[in-house]
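Here's the structure we're looking at; comments come further down.
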Amino acid sequence: MSAGFPSGSRSPILPGATIGFLGGGQLGRMTALAARSMGYDIQVLDPEAACATRPVASRTITAKFDDVNAAVDLASQCDVITLEIEQIHPDVLDAVAARTTLHPGREAVYIIQDRIRQKQWLKANDFPLGAFVAAQSADDIADAVRTHGPCIAKSTHGGYDGRGQVRLSNVDQAKDAWTALGGHPCVVEQRIDIAYEISVLVARSASGQVAVYPPSRNHHTSGILTWAVVPAVISDAMTQRAQHLARGVAERIGIVGLLAVECFVTKDNTLLVNELAPRPHNTYHHSERGLATSQFEQLVRAVCDLPLGDTTAFAPSAIVNLLGDVWVQDTPPAMEHALEVDGVRLHLYGKAGARAGRKMGHLSAIGTSAQDALGRVLESYRRLSPATTGSFDVHEPVLAHITS
Ligand code: ATP
Ligand code: MG
C-alpha cells in the first residue's frame, strides 16, 4: 500500500551522493548494501571499529554515540545522515542537523529513545497501550505490581532483545528488580495476555509520501525475536486496524525514514502498541525476499526523497534469527546443511565473536503460504544446528501459532 504523492516538489538526493549512518550494526550493513546497489556512497560512525557496516562503507569513524566532534566530521562529508539505532545523544543529533540533512529528525528520535517519554507521548496522542507506570523507586515498582498484577520492569534507555527487563510476579520482587535495573527510573508494564504479536512498518519520505507494509507476524522467545512471517495470517479487519494505527503514529510523530510499530493482540482481540523503532526492524528482514521493496531500499528512498517503492507481498516470506547460541565456541553451525532446503537464503552479518543472545545472522525463505515459508526456515534452522534446536520449538507447536 503506497499512497499519496504530496503536493509540492521533491528535492531528491540522487545516486552518487553520500549517505552517512549513525550506527554500523547489521541494520546499517543491510541498508548500506541496498544503498550501494542504488549507486550511493556510504560512511558510518560506530563505537566498534570492526562494526558490521565497515566492509560496505568508504569511511568508518570509530566513536561513541555522544561524540559531537566525530558526528560533525561525519556530517561534513555526507549529503544526508540516517540512523540504525535510536540511542544517539540529542547533542549529536543537533550537531548533525545543523550541518547536513538528518532523517529521521531529532524530535521523533528523542521521543522514541526513552521508554517513558515514548509511552507518555503515545498515551497523550490517544494511541492504545497496555497499563504502565513510570517508576522512580523500588516502592513505585511495588505499587505497580500491587495495582496491575504480574508486570515487566524495563530500563528507559538502551534495552534491546529483552535486555534491561525484569519480570515480576509479586510485590516482594520489586527491590531486586530496582537493583537489577541499576537503580534508575524505569517503566513498569502490566504483563499482557498476548494472543499473538505483529508489527507494521511504515515508510515516510522527506516530502511526505507514505507507504505502509503488510503486517508481520512475530514470535519471541525470552524477549528475543525468533521468527517473523508475512502474511501475518490475521483477519482483514485486524490488518486494516493495525495499518491504520501504524500510519497514524508515523504521521503524528513526523517520521522521515522508517517507523516500525510493534503491537500485541490480546486474547479478546484488543490491539495495543508495544513499542516504536525509527529505523529498519528485525521483523521486516523478510521484506528482502517476499515484498516488492525491501525495508533497506525503502529507507534509502525515504531519506533521499525518492518515490517510495511498492510494499505489496508477491510471495509469502519468513525469517528465523541466528543467535550466537548456535555457534559452539566460535565454530559456526553447519551453514551448508541449512542451505539444503529449497527457497532458503543465508544472511550473515560478519560479526566476530559469537555470544549467547547476539544476533549473528538470519535465514530467510519464500514459500507458497505463510506456513510453508516458515516451515522452510525452521527446517533449515533445524538442519543447521540439530543440537540446539531444542532452544525453541521449531515444529508443530510454533506452526500452530499461525493457523489460528
Ligand atoms: P526488541 O529490541 O527485540 O524489540 P526489547 O528489548 O525492546 O526488544 P520489548 O519489545 O519491550 O523488548 O519486549 C520484547 C518481547 O517481550 C515482546 O515482543 C514480548 O514478546 C515480550 N513482552 C514485552 N513486554 C511485554 C508485556 N508488557 N506483556 C507481555 N509480554 C511482553
Ligand atoms: Mg521490541
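Each Cβ is built from the backbone N, Cα and C atoms, and glycine gets one as well.
Automated prediction, rather than curation, is the source of TrEMBL annotations.
Feature annotations, courtesy of TrEMBL:
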- ARG115, LYS154, 159-165, 189-192, GLU197, HIS220, 274-275: ATP binding site (BINDING)
- 119-304: domain 'ATP-grasp' (DOMAIN)
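Structure with TrEMBL features highlighted.
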residue	record	Cβ within 10 Å
ARG115	ATP binding site	22
TYR160	ATP binding site	16
ARG163	ATP binding site	12
GLU189	ATP binding site	22
ILE192	ATP binding site	19
ASN274	ATP binding site	16
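Checked against ligand 1, the binding-site residues ARG115, TYR160, GLU189, ASN274 give TYR160, GLU189, ASN274 as the ones with a Cβ under 6 Å from it, listed in sequence order. Classification of ASN274 (ATP binding site) by DSSP places it within a strand. The predicted model assigns the domain 'ATP-grasp' (119-304) a mean pLDDT of 96. The DSSP secondary structure for GLU189 (ATP binding site) is strand.
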